[in-house]
Structures are given as structure tokens and as C-alpha cells.
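Sequence annotations record features per position, and here TrEMBL assigns transmembrane segment to B:30-52, B:89-111, B:123-143, B:172-196, B:216-239, B:279-300. Sequence annotations record features per position, and here TrEMBL assigns domain 'ABC transmembrane type-1' to B:85-296.
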């Protein structure tokens, strides 16, 4: 009996050691020619998953010795938490997808990420590199295209009521009221996905910059505030105004992003303030209505300028925990993403949502209406400005709750702007910026 | 008088019996306690004291800078902290109050002679066994203003149901009601045990004296089930004060900040990567719960000895 037990224990121990050995073998760099498997962590939003799978499929087909697999994580604040925690605990996937700009800066890139040299980012345009640079090193490659933050609108409603695209905020409100009188929902808001509530504030930033080109730098230096700057506070005031005038859909509190896309596509609502990446969802879910939806920049006070606020695409990054053969494979994957082949793979799979950040990438001739409305803003001088999060490392984590509160009539615009000023203070201090 | 004497005697008595026991023999040798002591120290003491230290730093998980009490100052400046505090107390009071009332009513019902009593007891207890997150997600679907089952049923009888989770004045109460639905089974079981343990003689005597059901309830069940009431209040108050999972699953503190409680305010700081700040919030929550529960336990238990 005893002997039996002892022998079994030895077998178990041996098996354990074997497994341990295998695990260790897995850690050491595999032989040069052996197949390498790497993981790619992306958020679980449909547009992201479709894009990443398109890239991975094309890359795997070209590189039989490397297999990339896509893993998903939640979106929004939960996802930020996952990324930060996994980086901090050394448990990150081999490659991951994450925002450029201020969210990227909050990852402590100099400690957690692998810097990329020109063999990988040589073709990436400077405007994107600026959003993924820390301490003089570039850490990411662009996944996808530039986006615009503005208003998606339903073209049949505009045609039916004989409206034209508004150039100023007053025209926008006048159009909305006309739509309202015609018995339709003028403005769609979808606060169940809280991040969608930020567009009126974030998308208005080009108008702030047009008024005051130094705004972002002065903001980083703690010299201007949302609450006390008239042009910056306008975004919050617009949010309050559209609620108070009753221009929103009745279920704004429980509607989701998908609901919003449905409403603007089918004409249940006329205006949906959103980023242009929604065109991917539109194309997937409502292909017949794809060209019923157009796009314009969020209007400000000046009809003459009427610039667009633009977003960088997300980036793909390599954490410092990726080593050996996996690191080589990961770099190869990033180089593919930042190449013309990478752009083409994206265009083939999901279509192009705007201009690419990689030199030599071209757009097909038959882009959806949203994209063809978007492109002209990039082609004129002063037509497009980056969103604040790409010019300043400061972005308060509470903005989406504050904008929901202002947009639901819980908080006034002035109070909301003041709350946001307190909110960003924490971020600035955490980043150790001067003057806070 | 009697209480005072007992209280004066108890510590001395217990000290005596303690030292007596130690002198006679210990069931286990001292080294036997090293392992549990180590586990306790590593898993409980070290993190607790580490958290006191980190609450005084600006902490990125990679580096920490000592900043004194700045985190506490910052935490109290949090724009919605006051509302979060008020919400926490409202939530704790509403849930524990309703659990006492409904739990006692169900307790009385389920100890009386009714059909299918055993089955009903299991049914009442069943929600306690279900995962909180699951309950939260299920109810947020049921409470959807237009597509939810609750409002569709209300519409059948001609009532326009409210926006349960998106109306700022209603969101917190809606979540509290779900909390009661989920937790009342436990309160009921405690009451059933408390009522069953009341000696039958009291009921027989009151029946001989001609007491009706209401008199019996007020004069016998209510006072004699007091230990059960104390337990239910303490348990549900502690649960209410540190409530988080159900609120997070259903509203995430929204719309805006209207259903935020302290725990969700703390969690959001953690999510945003303000690790020092959220640790400071946890220290505050710890002190707050202690400051409420310690005196409450003391007051409620002292009256019991009367």
C-alpha cells in the first residue's frame, strides 16, 4: 500500500517536472525556423475585431511560420483597467491594440513598451507618430485610418425637408427644430454606452483651436480651464441646450451605440454625433442604407472656418514582456500593419474609413458617403485639427459620466465643466506634469 | 444594575479563565500556530498596512511618491463624493429597512401552518444562491424602459412604466429594490430560525389569555425575535454600506453620478489608474464602516442583555 502511494507520488512528481520543463522550454526562444505563436489583444467592439481579424488573416497567410491569434478585452474604462493591470503585472499579450494620445501616455510607455525603429515605423506619417511618442521614442503603429468626430446625418430626411448642411451651431439648431416639427427625432443620443456622450465636447475642439491656436499647450500648462474659457465651455453648453430643447430621442438614457447607428441609418433620427469609424458598423448592419448617411463637422460659431476635429486611429504596441522569437514575430507583424499591404488588407475586409497614416496607402474610388464627406476636410488648410487628447496628455477619466449628467439635465453645463476641470487635475498630477 | 454588575465582572472573569486555561495546558504546541500566523500575516496584515502606506503616495504600480495626506484631500474634493456618501447611506438604509420588514413578514408567514411551507421556504431563499452579477444583468434587461418585461406587463394594464435605471431620481431605488429581492431570503431564514426558537409556552399562554394574532405578533414575536432583527440589521447594513457589485452590474453609478456609492467612486479611481487615490478611498471606507458598525453592534447587543 505504502509502496504504491510512494510510487504514485514519484510518478506525479515526474509528470510535474515534465510539465514544468515544457513550460520552461516554452519560455526560451524557440529554434530559428520553428513556428511561433503570438497573441494580439484588442477590444471587443465589432469594428475593432473585424479590423484586427482582417490584419491577422492577411499576415498569417503571408507568414506560414508565424501564427497570430486575436484575443479580446472589454471596451471603455474597464478595458483601460485591463490593459494597465496586465502591463503592470507583466502579463500582457504579445501585441496589443490601444488608443494613441493621452490614453497611450497614461501607460508609462517608457517603462512598459518596446520602442520601434525606422525599419518598422519608417512609412508612418509624422502626425501619427506624434501621438505615440514618449521620451523621443516611437512605440506604436497605426491600425486603421484617421477618423473625424462630427455628426452623422440621415440624407433622406434632409432631402425631404429641403435642409442644407449647417455651418454654424445656430443653423444646426434651426435644422434640428425643423426636423422636430416634422415629427421626427432631431438628435440621437445613446447614453447606455457612456463614451458616446462625449462627442459634443470632444468633437467641438477644432472650433476651440480655431479661436485660440495655443489652447492645448496652455491647457497642459494649467493656464486655461474649461469652466472659465467661453469657447471651450461651449461644448458642454451645447449638450445642455439640446436636452433642454427636447431635441433628443425619448430613450436616450437606455439606447446603445448600435441603436444610434440603426436610428440614423433607417431615418428614425436625423443627427447622430459620432466618430466616423461608425461607418464600419453601418456597412455591416445596414448595407442598403450605407449611402443614406452623410457626415459633417460639429458646427461652431464661425461659418467661415467650420473645421473638423480628427482622431488618430488606435495603435498596435509591443510590451517589454514579449521577448526572443516572439518579439521578432511581433515586430514583423507591426511592420506588416504599417505597410501598404496592411492598409490593403483592411480596405479589402472592412473598407477604408478615411485617410491612412501610412505613406503610399491609397483609398478605393467607391468609398461610402460618410468617408467621401470626411475627406475634403483633410484637403484644405485649416480644415482639420487633432482632438485635444492628441495634443495634450491630460484627459480626465470622468468625462463620459459628466457629459451624461449634463446631457440628461442632471448637472448644468457650467457645473459639468467645473467638475471636469477637477477631474483632469488628478490625471495631470498622476503624470507628474509641471504646474499642477 | 444587573447589566452593570455583569459588565463589571465579565472581563475579570474571562481574564481569569484565560490564564487558567493557559497554565493548565494548550491543546497544540506553539510552533503549530506559526503556519496560520504566517498565512494571516502575509494575506491580511501585510496588505492592510501596505494599503495604509500606499494611501499616502502617488502610486503608478511602478513607482510611488510619498505625498502625505494629499490623496485624502483630493478624495474629499471628488465632485460626487458627497452624493456618493448620501447614496451609500440611502441604499444601506432602504435595503436593510425593507429586508427587516419583508423578512419578518415572510418569517411569520413561513412559520405558520400553510400549505407547501417547505417548498415556499426554498423558493424564498433561492435568489440568495444566484450570482449577483447574473441578477444584475437579468434585471437590467427586465427593467429596460421599452423592451423590458416589467414595463411591457405594466403597459398591458395601461400603466406607462418609469425609466427604472435611466431616470436619475429612480436609478438608485431600482437597484436597491433588486438588492432586497435578492437578499430578503437570507433575512427570512434568520427570522424563521428566530421565531422557531421562541418557546411554544408563550404562544400557548397568550392563547389562553385570549390574545389575537396581532397581539401575539406585537407582544411575543417582535420582542423575542429581537436577536434575529439585530443580526439582519447588522448584516444588511454592512452589506449595504459596501455594496458595489449589483450597482456596477446594473448602472455603473449612472446616469451621470446619480447612483454612485463610495465603493463605485473608489473603483472608478482604480480604473483610471489613480492607485494611491483609490487606496486612500478604501482606507476611508474601512474607517467609515468601522465607525458605524462598532457602536451599532454595541448598542444593539447591550439592549439584548436586558
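Here, residue 1 is simply the first one shown, and the rest follow in order.
Cβ coordinates are placed from backbone N, Cα and C, and glycine is handled just like the others.
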Return the stretch with the most CB pairs under 8 A relative to the transmembrane segment (B:216-239), choosing among B:30-52, B:89-111, B:123-143, B:279-300.
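Between the stretches B:30-52, B:89-111, B:123-143, B:279-300, B:89-111 has the largest tally.
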Of the stretches B:30-52, B:123-143, B:172-196, which racks up the most C-beta pairs under 8 Å with the transmembrane segment (B:279-300)?
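The stretch with the most contacts is B:30-52.
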Answer with yes or no whether the transmembrane segment (B:89-111) touches the transmembrane segment (B:172-196) by the criterion of at least three Cβ pairs under 8 A, sequence separation 6 or more.
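Yes, since the transmembrane segment (B:172-196) and the transmembrane segment (B:89-111) share at least 3 Cβ pairs closer than 8 Å, they count as touching.
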So which residues does the transmembrane segment (B:123-143) touch in its own chain, when a touch means Cβ under 8 Å and the partner is 6 or more beyond its ends?
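Those are 106, 110, 149-151, 164-165, 174, 178, 181-186, 188-189, 245-246, 248-251, in sequence order.
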